[in-house]
Amino acid sequence: MAAIFTVDFQICFICIVMCLFSVIFYSLFLVRKTKVGCDLPPSPPSLPITGHLHLLLSLLIHRTLQKLSFKYGPILHLRIFNVPIVLVSSASIAYEIFRSQDLNVSTRNLPMTNESSVFFGSSGFITAPYGYYWKYAKKIIVTKLLGPQALHRSRCIRADEVKRFYSNLLDKAMKKETVDIGEEAMKLINNVICKMLMGRSCSEENGEAEKVRGLVTESDAFLKKFVLAGIFKKLGVSLFKKELTGYSRRFDVVLETILVECEEKVSENHEVTDMVDVLLEAYGNKNAEYNITRNHIKSLFADIFVAGIDTSTHVIQWTMAEIINNPNILEKLIEEIDSVVGKTSLIQETDLPNLPYLQAVVKEGLRLHPPTPVLIRTFQERCEIKGFDIPEKTTLVLNAYAIMRDPDFWVDPEEFKPERFVNSSKSGLEEEIREECLKYIPFGCGRRGCPGSNLAYIFLGTAIGVMVQCFDWRIKGDKVNMNETAGAVTLTMAHPLKCTPVPRTLTLELGDL
Ligand code: HEM
């Protein structure tokens, strides 16, 4: 909270200074320059010099941008100082961009604080330009961690952790304790991702797991500064450099300890099984396909922790809150789970394909509450979209939140109605290709779309499935408060979901833990 306040103070200060400069410069020098033959998308009124900066500094940016598109149109040209931005808020324009320009927008062009930082440095995966390193790392991520075969191999890890998740909740239920759903979900996901990456979970005993969870939770405040640094370029980088570098250094210390332990394990067992083993084998091997550095490995881990843990945790909270606020949906879910899974075994990820209503609830949770509401890419080259000229190096801001609530494509877009997804395919892609639109994008799109979507569906389905199958949930008051945190980059509940589990009458056979 304090961090957000500090940033907002800095933002206000920058705004005021820039506005003052704007007025002086405007009256002294500004002669409107328009490029001949250049048909840019329409542009809402802007301030001189700073352009549309004030809009992008809003506390609920996805909503401000949504309102802007309602008023001025689905494709807009914005400007921050001299940085050109194209804001897209429509499913059909998103479709055209990814159909004809996917490669052109496959780089994010985010700023770099410090070459050697594990976070926001030059070795990151999320920040990597589309090129040789990105392709190499993506291949390892798919074959060793997130592709269908890798997910099949790691099934037992998740089955064990889902049982542990259930046991923790049961323990709290027996003690009549309140559960912070986000906290429990984060423990589950953190343990699974650590075990899938390196064959072991982060230790609770020496506080390692707590440190990783703390760094992931903190990431939002730093992501915000990172995005702002991107907008302000050199000024922004120097403004936030100290804090960003400090955060990155703390991440580095934890990841270095983890890596050293992994190296010891490989040298003892001489086995290359997990993703970390493959990376360590390539590290220092001059004949490897790509000469990765230690920083590449740590940055990749940091990216996967932040991209995978925080996002899934938020969606689990939002979706559970929607379920609790809609008792008829809860009833239908219980009916489906009881009839498919029964009352003697705990729900497994292998049950998910047979639970279409649970899948529909998860999809609807992602539609209304996408953890990454605004996606950022860069047009590397000049191109034409819907007859408009898009100059090279224009930043693309895709408002996924607005697209997934677009009244032209969704009936009752603001309502939580899982029924809309019953009988649709998991991705809904066939339907979208037929309709020439891209209206469902919680995981982004194209070659830089989320590689963790299949794992995310498993996390969401099993965690929500267990909570619904095994417990009734009591909350204070009639309804869960669904307000969003102002100023966060990730879509976060303003009041984290806390409720008390009451065990349902089941006779589960869990086997060993
Ligand atoms: C509910 C859960 C999740 C959501 C909603 C989500 C959403 C997203 C989105 C919107 C992007 C950007 C896509 C774009 O620019 O088009 C992304 C990227 C990414 N996600 Fe996820 N994600 C989730 C879970 C995961 C998980 C579980 C992992 C891995 C364990 C993961 C790893 C990544 C990575 C590595 C990227 C960067 C891809 C690249 O730059 O090529 N995500 N995610």
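Each Cβ is built from the backbone N, Cα and C atoms, and glycine gets one as well.
Whatever TrEMBL says is automated annotation, not expert-curated.
TrEMBL lists 7-29 (among others) with the feature transmembrane segment.
Annotated transmembrane segment per TrEMBL: 77-98 (among others), in sequence order.
Taken from TrEMBL, the feature transmembrane segment applies to 118-134 (among others).
TrEMBL lists CYS450 with the feature heme binding site. Within 10 Å of the C-beta of CYS450 (heme binding site) we count 18 further C-beta atoms, all protein chains included.
With a cut-off of 8 Å between Cβ atoms, the residues of this chain six or more beyond the transmembrane segment (77-98) that come close are 40-44, 46, 49-53, 55-56, 65-66, 68-69, 105, 231, 233, 379, 385-386, 388, 390-391, 393-399, 402-403, 406, 408-409, 432, 436-439, 441, 445-446.
With a threshold of 8 Å between CB atoms, the same-chain residues lying at least 6 positions outside the transmembrane segment (118-134) that come near it are 103, 106-112, 141, 222, 226, 244, 247-248, 251-252, 255, 290, 292-293, 295-296, 298-300, 302-304, 306-307, 447-448.
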